[in-house]
Every structure is written in C-alpha cells, then in structure tokens.
Amino acid sequence: MPDTFSAQAAMAVLDDGGNAVDAAITAQFVLAVTLPEAGNIGGGGFMTIVKDGEQRFLDYREEAPGAAHRDMYLDDEGKVKTREPLFGAKASGVPGTVAGMWKAHQAYGTLPWARLLAPAIALAEDGFVVPAHLADRVAKYIKRTSQRGIETNFADHFGDIESNQRFVQPELAATLRHIQQHGHDGFYAGKVASQIEDFMEDNGGLITTDDLAAYQAKWRQPLSLSWRDFTLVTAPPPSSGGVAVAQWLNMLEAYATTHTMPAHNSPDYLHVMSEIGKRVFADRAEYLGDPDFVDVPVAALTDPAYFARRASDINPTAISPSKPVEPGLIESEDTTHFSIVDKHGNAVSNTTTLNLSFGSGMVVAGAGFLLNDEMDDFSAKPGVPNFFGAIGGEANAIAPGKRMLSSMTPTIVLRDNEVALVTGSPGGTTIISSVTQTILNALAFEQNATMSANAPRFHHQLWPKDTIRVHPGFDTGTLKHLEQMGYTLDRRRFGDVQLIKQDSTGLSAASEQSGRGEAMVRDAHTD
Ligand code: DON
C-alpha cells in the first residue's frame with residue numbers, strides 16, 4: 001500500500017490554484033510528519049526548479065556546525081569512530097529544510113505560507129493512521145539499535161507507534177505551528193533554535209543558536225548541459241550527482257560513437273556502464289565537495305573532450321583494474337524524492353533526507369522532530385569509506401560551515417525548453433545510477449513512465465572491487481555472463497524512483513512499485 005498523504009496534500013494545493021513550488025512545499029512538510037524515516041525539518045535537501053522557463057537550483061543542504069573540525073570523528077590512534085557521524089547528537093549538521101522551503105516560497109509562492117503548512121499541522125495534531133510498513137520500520141529500528149547498544153532517544157518518541165492506529169505528534173505540531181507563524185525565524189531563531197541548542201548541550205552535540213542564525217539556503221546555478229537532443233537541468237556541487245549523471249550519460253554517448261550501443265540491460269550494457277561508473281566515482285572521490293570551500297572543476301569534468309577521452313579506454317569485453325580499498329558498511333537507508341509538474345508546465349524535482357533511516361535517531365526534546373546524521377557524508381578521513389562506501393579526500397574534508405558532499409540528484413530534462421522528464425530517487429550513492437538509468441530508460445530506450453521507473457537497475461561505484469549491485473529482475477543468463485567476466489553481484493534492490501514523463505499523449509507519472517510512493521495525474525493518464 002502506498003502512502004498517499006503527501007501526494008494528496010500536494011494535489012490539493014494544485015487544485016487550489018497553487019503552482020508546482022507551492023505543492024512541493026506542502027509535500028515536504030507533510031513528509032516531515034508522515035515519513036519520519038526521511039521526511040524532515042531536521043535535515044536538508046535540494047530542489048531543482050524549472051519555472052516559466054527559468055532554471056533554478058535551491059541548495060538547502062545541512063552544513064557543519066561552527067565547532068566542527070576535520071578530525072572530529074577520529075580516535076587517538078587516528079581511526080574513524082564509525083558510529084559517531086551516524087548516531088547521536090554529534091552526527092547532525094545544521095538543518096536546512098525550513099530555510100529552503102521559506103526561500104522557495106519567497107521566490108515563487110502564490111498561496112499563503114500558512115495554507116501550505118496547514119496539512120502537515122493537521123496530520124501532526126490530529127494524527128494519521130500508521131501504515132504497516134512504518135510500524136514495521138520503527139520496530140526494527142528500535143530492536144536493531146538496542147541490540148547494538150546504540151543510544152538514542154528514538155524509542156521515547158516513536159516506541160508506541162502501532163500499525164493501523166492513529167499516531168499524534170503534539171510537540172511536532174507545535175513546532176510546525178511556530179514555523180507557520182514565524183517563517184524562517186520560526187526555526188532558526190527564538191524558541192525552536194533554543195530547544196535545539198539546549199538539546200545539543202545535553203547530548204554532546206555541536207549545533208548552537210549562532211550556527212542556526214547563520215544558516216542560509218542558497219540559490220545556485222543548476223548544472224545545465226546537453227545530452228542528445230535534451231537539456232539536463234540537475235544538481236551542481238555540493239551534490240556530486242549532476243556531474244556524475246552528466247558524465248555517465250555522455251561517456252556512454254562517447255563510447256557509442258566508436259562501438260555498437262549495447263542493448264538495454266544486456267551483459268554488455270551492464271559491463272560498459274560499470275566501467276563508466278568506475279571513472280565517475282573515481283572523479284567524485286577526488287574532485288567533488290562544497291564549491292564555497294573548494295574549487296570543483298565542473299567545466300573540465302563535463303567537457304565533451306573529457307567525456308571522449310575517459311570513454312576511449314573502455315574495453316568492451318574485460319574489466320579494468322582497480323586498486324584495493326576496504327568496503328563500506330551496509331545497513332538500511334532512507335531519503336525521499338518527489339517530482340511535480342503543474343498545469344503551466346512548471347516542474348519541481350526535490351530530494352530530501354535525514355541521511356540514514358530516522359537520521360541520527362535523536363528527537364529534539366520538546367520540539368518533536370528527528371535530527372539528521374548527515375555528517376557521515378563528509379570524508380571523516382581520506383580514503384576511508386563512509387556508510388555508502390563512498391570514498392573522499394581533501395575536497396570533502398570537514399570544515400566549519402561547509403556542506404557535506406551529496407549524491408542527491410533531483411533532475412529535470414527538457415526538450416525544446418519543455419519538460420520531458422522529471423526524475424529522482426533516494427538511495428545514497430545509488431541515486432546516481434537510478435537517475436542515470438531512468439533517463440536512459442525513458443529517453444534513450446523510449447520506455448514509458450512505468451517501465452522507466454521499474455526496469456531492473458544496477459550500480460557500480462568503483463569499490464568494492466568489481467562489484468555490481470543488481471535489482472531482482474535481471475535474467476539469469478545476463479547475471480551468469482557477468483559473473484563469468486569476473487564481476488561479483490550484490491543482489492539488493494535500491495532507490496524508490498518517482499518520475500514524470502511527457503509523452504505524445506500527455507504527462508504520465510510513475511512511482512516505483514516496490515516502494516511506498518504514489519503517482520497522481522489530474523486530467524491526464526496515470527500509468
Ligand atoms: O546526500 C546524500 O547523498 C545521502 N545523505 C543520501 C542518503 C540516502 O539517500 C539514504 N537513502 N536511501
């Protein structure tokens with residue numbers, strides 16, 4: 001059963017005459033109530049917008065607190081304390097979501113801010129009937145963290161959630177009301193800011209009211225570049241995603257100028273795409289970081305000549321060598337994405353996260369919301385993989401006020417300045433593969449929205465060595481062929497794609513069937 005709370009609330013905003021940005025703000029706040037795994041006001045995200053032909057990108061990513069420093073997660077022997085950037089108050093960056101939504105509203109809102117927050121407040125105040133999968137996730141999280149001796153206050157707030165029972169969140173409702181009344185300052189100054197600082201002081205965290213006062217969401221130039229007859233409008237740094245997707249798509253194009261384009265999801269396709277993935281992730285580790293702190297060579301990394309050079313040494317039949325590095329930990333993951341197109345043709349692609357499911361596991365006392373554990377997206381130590389197995393170095397080292405590198409890639413693809421596709425996904429580093437492959441599925445292989453969102457996907461991120469993560473659904477012959485080539489297969493689904501495709505009959509929306517989202521289209525067809 002999909003969760004329909006946010007899709008319905010967003011649709012009601014559109015029905016009230018709101019635009020795609022209005023609807024996105026409502027969806028974001030509803031998710032903060034009904035999807036505590038990833039929806040948030042204690043986290044951050046990115047919003048890609050095409051509005052009246054203008055391309056915008058809103059960075060509301062968390063940033064390191066002022067007291068953070070590059071070695072803050074190392075022990076006396078210089079080893080990474082792997083739990084600290086993932087659980088507890090010290091794992092949190094300064095949240096960006098409320099600042100982001102406020103900034104989007106200031107720029108593009110047509111309905112009152114109070115109206116946009118009302119559905120979330122009602123769901124927190126009056127409660128919502130808990131879907132079975134949420135109750136299940138909560139129970140598993142509590143069991144797992146307690147078995148491992150991980151200390152959080154999560155169970156105090158979510159421990160009595162029960163499937164099919166109403167769950168009310170009065171503290172969260174009060175916080176949302178405060179934000180409804182005071183906008184940006186309802187979170188970054190006054191009561192809520194003090195609650196966060198007090199909570200940090202009591203629990204060994206770093207965020208202060210000064211950090212909150214200093215936080216600003218930032219408008220950035222989206223990455224906008226050509227691929228085939230399309231324009232990709234996607235996430236620039238501090239996301240690695242846009243550069244990575246652009247590289248992946250264009251290196252495949254470059255490869256296909258000298259080789260036959262492999263058939264969709266054939267062994268050759270998975271191999272060539274994996275070879276490209278290795279190159280993409282090698283660049284990610286070396287060059288990508290917060291552009292306000294490091295020089296990211298975006299132009300060089302997305303230069304057509306560079307695509308051609310990098311693709312030129314792909315061997316169509318053999319795996320290229322990689323030098324060994326330890327693999328990352330593997331646990332559950334959570335982020336969430338939504339895609340919206342309004343009747344004027346404006347589009348929003350928004351990915352938002354607390355990082356892992358339920359973030360740091362810490363609920364701000366008195367304020368009722370979970371805080372992120374986004375600090376793990378920094379490189380705690382050069383060469384040591386984070387939770388998602390991503391390796392980084394200097395470019396993504398921790399520094400006060402710096403934004404941690406992300407893989408979130410909310411993307412809009414245009415053809416002749418009209419929206420052709422809106423896509424995005426959760427899934428840590430696998431987001432990059434999900435976005436790349438849904439673009440290829442929909443626009444290169446011309447699949448419809450449902451097929452594009454549900455065709456089996458795969459992911460190769462250089463490390464662990466020669467390992468391809470594969471969805472269920474590939475035929476056994478394909479998988480065997482890859483194993484014979486020397487690949488190790490990691491058979492686990494990833495993502496939860498939400499996409500909208502423009503085709504000859506109009507807009508189609510699709511939510512990946514194995515996930516929890518809901519696709520809705522008004523006055524058109526949903527497939
Ligand atoms: O920003 C990032 O790349 C990660 N914090 C996203 C985490 C995520 O997608 C978890 N997954 N499903």
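Quick reminder: no glycine exception, Cβ is built from N, Cα and C everywhere.
Among the features that TrEMBL reports, active site, nucleophile is placed at T335. As annotated by TrEMBL, L-glutamate binding site applies to R61, T353, L354, N355, D377, S406, S407, G428. What TrEMBL lists as compositional bias 'Polar residues' is 505-514. Taken from TrEMBL, the feature region 'Disordered' applies to 505-527.
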Candidates near ligand 1 among the binding-site residues R61, L354, S406, S407, judged by a Cβ under 6 angstroms: S406, S407
Using Cα positions only, nearest of the binding-site residues to the residue listed as 'active site, nucleophile' (R61, N355, D377, S406): N355
DSSP residue counts for the compositional bias 'Polar residues' (505-514), split into helix, strand and coil: 0 helix, 6 strand, 4 coil
Beyond the flanks of the region 'Disordered' (505-527) by 6 or more, those residues with Cβ under 8 Å of it: 2-4, 7-8, 11, 14-15, 131, 133, 338-339, 341, 343, 425, 448-450, 452-454, 493, 495-499
Neighbour count (Cβ, 10 Å) for S407 (L-glutamate binding site): 30
CB contacts for T353 (L-glutamate binding site) [other CB atoms within 10 A, all chains]: 32
Residues flanking the L-glutamate site, with Cβ no more than 8 Å from the Cβ centroid of R61, T353, L354, N355, D377, S406, S407, G428 and excluding those residues themselves: G44, T335, E374, M404, M408
Spatial neighbours of S406 (L-glutamate binding site) that are distant in sequence (at least 6 apart) but have CB under 8 A: F46, R61, A235, P238, S239, S240, G241, D377
Listed recorded positions (T335, N355), ranked by Cβ neighbours within 10 Å, top entry: N355
DSSP three-state assignment (helix, strand or coil) for S406 (L-glutamate binding site): strand
In three-state DSSP terms, the structure that N355 (L-glutamate binding site) belongs to: coil
Where T335 (active site, nucleophile) falls in three-state DSSP terms: strand
Where the record names R61, T353, L354, N355, D377, S406, S407, G428 as binding L-glutamate, the maximum Cα to Cα distance in Å: 14
Largest tally of Cβ atoms lying within 10 Å of a Cβ, found at which of the binding-site residues R61, L354, D377, G428: L354
